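Participant: Below is a structure I'd like to ask you about.
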């Protein structure tokens, strides 16, 4: 902990909660607190809210789930929005959401450390400029996708072409006619491969492990919506069996195209490991036609391309790493107790992962997307509000006792 005098640290007590992160999770937490009359200071390291969506997502991205499953508490999406809003529409929704709730984040505020001070019963949040904010409650809302996850492949520095993470990828337009290797077969890897194909590139996609691919819609309805409805009445295993049977009827045997399915069903696997099934938006047809080539795991990179684990070598102009993101919580949060793993993932399973000790809360670490974010935000706001209200009662009692003594 910083031992400088308070005046050098520019120590400031702030009312209510400090929320770290101004993405969907942080905005939802702040809005739900504001609705209950609890103030919050929202800290955001970038220059805008929803910065990951605004700056790190590719142009063709749209929500994979229908908008009714992705809206945040207190404000639905505009009726004129399509079923699957685009990236730009989602960012506009976030802007409107913050404005409607009166949430004004402090931009350019990077948290270097947050630690609980037992002596005063509050959290000390130190910013990169030296300022220290003191608050009774700390809400961690930086999310599970704060930093790009970039694997260190052997020979990576040798590659003479362009290598980038999907956080830098915007459109396949610049890759027309080029051979591109996409490393990763999750939703991002699948969509980037599709985008490259539609812009005239020659993509190959690395599929290292088994993967569940489901149609985004079944029988004219959202696959996710069908699954959620069935789970109200049926056990996970039966719902998984239904989804896989329907997927086989609609998509065929994906295994014959290099997309082998795990033995565990898609929902059960998601619950156990956090691995999300791919919702196909057209990529599979291009794999079947051969326009997108499925390849195995990468052993190392070479000057002209890569060497695969089966010993084969292939040349590529560009390598795009669709290897996901990671949490940055371990780099700045101290005294997290039993709430986070060393990798910054919640130790506590949903729906009880939102509350820690000493006034520590989290929003958006459920591995359940925006639905989990909304659930967390509502729970956090309710819990903090109860304590905030109790504090007001205590203050009134003290005032009444003081007045009665005269």
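Just so you know, glycine gets a Cβ as well, placed from its N, Cα and C.
Just so it is clear, the model here is predicted, and its values are computed rather than measured.
In case it helps, Swiss-Prot gives these features for our protein:
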BINDING   21, 22, 23, 24, 25, 26  FAD binding site
BINDING   184, 185, 186, 187, 188, 189  NADP(+) binding site
Participant: Please identify, among the binding-site residues 21, 22, 24, 26, the one with the smallest Cα-Cα distance to residue 187 (NADP(+) binding site).
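Facilitator: Of all the candidates listed, 24 is nearest in space.
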Participant: List the residues of the same chain that sit at least 6 positions away from residue 188 (NADP(+) binding site) in sequence and have their Cβ under 8 Å from its Cβ, in sequence order, or write 'none'.
Facilitator: 58, 166, 322, 324
Participant: In angstrom units, rounded to an integer, how far apart are the Cα atoms of residue 22 (FAD binding site) and residue 184 (NADP(+) binding site)?
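Facilitator: Each residue's Cα considered, residue 22 (FAD binding site) and residue 184 (NADP(+) binding site) end up 28 Å apart.
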Participant: Within 10 Å of the Cβ of residue 184 (NADP(+) binding site), how many other Cβ atoms are there?
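Facilitator: For residue 184 (NADP(+) binding site), the count of other Cβ atoms within 10 Å is 23.
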Participant: Expressed to the nearest Å, what is the distance separating residue 186 (NADP(+) binding site) and residue 24 (FAD binding site) at their Cα atoms?
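Facilitator: Distance between the two Cα atoms comes out at 22 Å.
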Participant: Check each residue in the chain of residue 185 (NADP(+) binding site) that is at least six apart in sequence and keep those whose C-beta is under 8 Å from its C-beta; list them in sequence order.
Facilitator: 205, 206, 207, 208, 211, 259, 278, 322
Participant: Could you round the CA separation between residue 21 (FAD binding site) and residue 189 (NADP(+) binding site) to a whole angstrom and send it over?
Facilitator: 26
Participant: Determine, to the nearest whole angstrom, how far the Cα atom of residue 26 (FAD binding site) is from the Cα atom of residue 184 (NADP(+) binding site).
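Facilitator: For residue 26 (FAD binding site) versus residue 184 (NADP(+) binding site), the Cα atoms are 29 Å apart.
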Participant: If you count other CB atoms within 10 A of each CB, which of 21, 23, 186 wins among these binding-site residues?
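Facilitator: When each Cβ's neighbours within 10 Å are tallied, 21 leads.
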Participant: Could you state the CA-to-CA distance between residue 184 (NADP(+) binding site) and residue 23 (FAD binding site) to the nearest Å?
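Facilitator: Here the two Cα atoms lie 25 Å apart.
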Participant: With every protein chain in view, how many other Cβ atoms are within 10 Å of the Cβ of residue 26 (FAD binding site)?
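Facilitator: Result for residue 26 (FAD binding site): 30 other Cβ atoms within 10 Å.
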